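K.L.:
Below: one structure in structure tokens.
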């Protein structure tokens with residue numbers, strides 16, 4: 001199987017732009033540090049081109065076997081391309097079992113087809129960090145923090161629900177003492193008056209304002225009949241036909257002689273004409289006079 005079956009052609013357009021951006025993230029200084037570490041761990045020289053020296057997967061398999069013996073049982077001689085790909089695949093599976101996170105691991109084509117050398121470099125740095133965490137003398141990468149597990153009793157966990165963290169803010173030593181739930185009746189009163197407990201629902205605290213001694217005595221509910229009269233005239237509550245002076249005055253006029261609605265009205269002037277005559281049931285003309 002020839003190399004032409006695995007190597008891609010030149011990239012154009014958006015693919016070329018993405019490839020150039022990935023290439024710009026590649027760090028030559030990190031490459032030199034990786035070279036020193038890998039050559040020191042395996043005892044083998046990589047060569048002038050760093051990525052070409054790792055492309056067959058032989059040095060990578062030897063590296064993981066040094067860090068964790070027996071990780072790769074068989075290392076293929078790089079006779080054909082599929083041998084190289086198999087070596088790279090064995091290395092990737094081995095470092096995953098070693099503890100490298102899956103999102104830090106490159107794909108085989110990233111190295112074999114030279115598509116993403118930056119990701120290959122990141123994977124080797126993650127492998128160095130994992131080796132340093134496990135106690136190997138590696139001058140590259142960072143040591144991961146060890147997991148610190150704590151087990152608490154269920155009673156302790158329930159008590160923690162009553163504690164408000166500082167990230168929620170502070171109430172400056174205030175409390176909710178005396179607060180009621182939503183929808184509960186509120187008994188308002190002024191403690192300065194010496195009343196320990198609220199008297200009734202009509203007692204309003206001073207923080208609600210003051211009514212200056214006024215009360216709601218004599219007030220009726222909406223829709224109730226109102227008995228209107230003028231107490232300054234000495235009148236008592238007689239009936240609903242008496243209108244108080246606050247409603248205006250009719251100047252002594254009365255409704256005497258008024259008829260109910262719908263009756264006919266006989267209109268005439270007694271100075272100029274006699275009283276109007278009406279025909280009775282007997283067919284005769286009868287005169288009616290005003291009685292004064």
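Glycine is treated like the rest: Cβ placed from N, Cα and C.
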K.L.:
Considering the residues 42, 203, 240, 259, which is the one that Swiss-Prot annotates as phosphothreonine?
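P.N.:
In Swiss-Prot, 259 carries the phosphothreonine label; others show none in the record.
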K.L.:
Quick one: sort out which of 185-193, 194-202, 212-220 is the region 'Calmodulin-binding' according to Swiss-Prot.
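P.N.:
It is 185-193 that Swiss-Prot annotates as region 'Calmodulin-binding'.
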K.L.:
Annotation phosphothreonine in Swiss-Prot: match it to one of 133, 180, 210, please.
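P.N.:
Record says 180.
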K.L.:
If you check Swiss-Prot for phosphoserine, which of 175, 254 comes up?
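P.N.:
Matching 175, 254 against Swiss-Prot annotations yields 175.
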K.L.:
With every protein chain in view, what's the tally of Cβ atoms within 10 Å of the Cβ of residue 184 (phosphothreonine), excluding that atom itself?
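P.N.:
For residue 184 (phosphothreonine), the 10 Å Cβ neighbour count is 8.
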K.L.:
Cβ neighbours within 10 Å, counted over all protein chains: which one of the modified residues 175, 180 has the most?
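P.N.:
That would be 180, with the highest Cβ count within 10 Å.
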K.L.:
Would you kindly give the Cα-Cα distance separating residue 184 (phosphothreonine) and residue 175 (phosphoserine), rounded to the nearest Å?
P.N.:
19
K.L.:
Over the repeat 'Calponin-like 3' (243-268), what is the model's mean pLDDT?
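P.N.:
Averaged over the repeat 'Calponin-like 3' (243-268), per-residue pLDDT gives 66.
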